[in-house]
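As recorded in TrEMBL:
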type: DOMAIN; residues: 1-78; note: domain 'HIT'
type: MOTIF; residues: 63-67; note: motif 'Histidine triad motif'
type: REGION; residues: 98-123; note: region 'Disordered'
type: COMPBIAS; residues: 98-109; note: compositional bias 'Basic and acidic residues'
Amino acid sequence: MYSHVLICPKREVKRFVDLTSEETSDLWLTAQKIGKQLESYHKASSLTFAIQDGPQAGQTVPHVHIHVVPRRGGDFEKNDEIYDAMDEKEKELKEKLDLDKERKDRSFEEMSQEADEYRKLFL
């Protein structure tokens, strides 16, 4: 569907308001840095930053994280359809997996290859 990265604070907290001022600043500065590199790497022209803060906001993983999504013109017919797409993917994931029991991680090789590609962006 779309390629994106999740940015998480070092300390695991459930809600955005639970972060300290320093953690909030670090989280957004990291998202800014990662976003800049992702936009260039994916030859995108824009970025969507999204937080789903709490279950009623669509948060299915119970810890704070920012979705950083590289965007291109025409990737969605209407710009805000990105949020519907994110919600749909989250619902599919929740229906298919018990995140605590049935989640299938990618192989070490797959994760290593992706990490190697992204690492090059920050050397």
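Note: Cβ is positioned from N, Cα and C throughout, glycine not excepted.
Note: TrEMBL annotation is automatic and uncurated.
Looking at the domain 'HIT' (1-78) alone, the prediction's average pLDDT is 91. Helix, strand and coil residue tallies for the motif 'Histidine triad motif' (63-67), in that order: 0 helix, 2 strand, 3 coil [DSSP].
In the domain 'HIT' (1-78), helix, strand and coil residues by DSSP number 27 helix, 14 strand, 37 coil.
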